[in-house]
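What TrEMBL annotates here:
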TRANSMEM  89-109  transmembrane segment
DOMAIN    91-518  domain 'Major facilitator superfamily (MFS) profile'
TRANSMEM  129-149  transmembrane segment
TRANSMEM  156-174  transmembrane segment
TRANSMEM  218-237  transmembrane segment
TRANSMEM  249-267  transmembrane segment
TRANSMEM  322-342  transmembrane segment
TRANSMEM  354-377  transmembrane segment
TRANSMEM  398-417  transmembrane segment
TRANSMEM  423-450  transmembrane segment
TRANSMEM  491-513  transmembrane segment
Amino acid sequence: MLSTADGEKSTTPTLFSQEIAEEGVVVKSLKDVREPSLDPRRFSHIAFKRHETTDSSAEKGKKRQEPIYIEFAPGAPHNPVNFSLRKKWAITSIACFATLISSSTSSAYNMGFASMTRDLNATNFQASIGLSVYALGFGIVPLVTASFSEEFGRQPLYIVSGIVFLLMYMMIALSKNIQTVILARLIQGACGSTGATMVGGTIADIWTPRERGLPMSIFSVIALGGTGLGPVFAGWIEMNPKLEWRWIQWIQMIICALFLVLLPFVMRETRSSVLLMRIARKLRKETGNHHIRARVEDERAKLSTLIWISCTRPVHFMLTEMVVLSFSIWIGFAWGVVYCLVESVSGAFSNLHHFSIGFTGLIFLTMVIGSFIGFVSNILQEKLYQKNFPTRGPEARLYFACFAGILLPVGMFIYAWSSFERIPWIALAIGITLFVWAVFIIYVAVFTYLADCYGPFTSSALAGQSLARNLSATAFPFFTTQMSQRLDYKWANTLFGCLAALMIPIPFVLFFYGPTIRSRSKFSSAVMKLQQ
């Protein structure tokens, strides 16, 4: 007989007790097993109540033997949360490297517009489609890949998407027409979404909630700051007549190749449910006992069902949950304007201040600076959260979000009304920095606040806002050039500033009335009851 983690006696034969111990797992009865990776998007009832096995459900002519469920033993080295600190930071670093590559690639592309449109006989509008479809891939594909990560794990997705991502650099660099470039950018955005969306899950897999603040802040800096880093080097490559737009792709491909070389040596599977399934399969093969199972094996649905729910549940959350809807509108607008800046900054600084494409690329360092300031301010926000959470609840995440609500239009107005030749270029740079600082605060607040509000339903809530964010990033660049030409830079950005000002109440309403709003949500209210 083998003792379970709770001191109960298991019917598991001692014949294979050694194999179970070696794998770092323990036996659990049906009522005591708990698997934190079970996905409540499929089975909402699982998050809040257990199935009770009765004779009526267990018998169909004759009584079946109860499954032997396993889960990680306390302190098990195979459990991702028990990885060594060195291993956790190595995994976090390589995952953030993926984020840096995908975010910088999104914007570095724009710096090669002049030589690309010349070589491919294309228009600026056609070239800008490549920027938009990259964001489209970011927004749509994660709805599908989330299900694949549940089925096959995170590590295979990093590897497969990384290889295809690298090949798309080659496809763009060798393109003979703009249509090929657009198609490659769409596929590249789809693969790059792994580095943007799965990294948050990887961090959540290996760091406890108490430890997660710093890794998530670093990830956020890279996700937003990386968008500004790409044009910094791409501008100077474009300036060299021997390199230009094709070598922007080749050089990024070399960097991506370095990532792929490091990936198998550093990245490990971090999804605990997938690891438990692998251990269960191994034990069934070694012992011959086919009743050994991971709980997730009995709870999961077919892959086609998972994909359907992954595609529909985020939309349902976005349209029916007031908290998700309001944040989706806010971050969607802010992210769309970020892509407008990527599209318009080159024109603004070259036309108004006669910057070369290389020096224009350096202006994008303001996005890195704004992100770093946001990182520092998030440390203060975390202190406010720890201090006020007992009395304010999840709304303690929103102190700096309220500040960002005001800072966002201020940054846009400064940028708009500095769009004159007589005003030094540094004023434009300050406006961009303040705007990006505000976007960073909003970006982090969305992740942390929705996680606190929706608990086990966080993945669906975040997928909803991510969809809105990337669809906005897809749409906004299509009209950026036309707006700048018809309204000029000051009035086009003033319009964005006015829209941002209309959204100032969003964080304040949630800060003061969040508990009341959440109590009307069947998902969030259920989480509130669990926390009481």
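Here the Cβ of each residue, glycine as well, is placed from N, Cα and C on the backbone.
Residues of the same chain lying 6 or more positions beyond the ends of the transmembrane segment (398-417) and with a Cβ under 8 Å from any Cβ of it are 334, 337, 377-378, 380-381, 384-385, 388, 427-428, 430-439, 441-442, 445, 449, 489-494, 496-498, 500-501, 503-508, 510-511, 514. Stretch with the most C-beta contacts under 8 angstroms to the transmembrane segment (129-149), considering only 89-109, 156-174, 249-267, 354-377, 423-450: 89-109. Between the transmembrane segment (354-377) and the transmembrane segment (156-174) there are fewer than 3 Cβ pairs closer than 8 Å, counting only residues 6 or more apart in sequence, so the two stretches are not in contact. Across 89-109, 156-174, 322-342, 423-450, stretch 89-109 shows the highest tally of CB pairs under 8 A with the transmembrane segment (218-237). Tertiary proximity for the transmembrane segment (322-342) is limited to same-chain residues at least six positions away from its ends with a CB under 8 Å from its CB atoms, namely 106-107, 110, 131-132, 135, 224, 227, 231, 364, 408, 412, 432, 435-436, 438-439, 442-443, 446, 449-450, 453, 461, 464-465, 467-473, 475-477, 480, 496, 499-500, 503, 506-507, 509-510, 514, 517-518, 520-521, 524. Model confidence over the domain 'Major facilitator superfamily (MFS) profile' (91-518) stands at 87, taken as the mean pLDDT rounded to a whole number.
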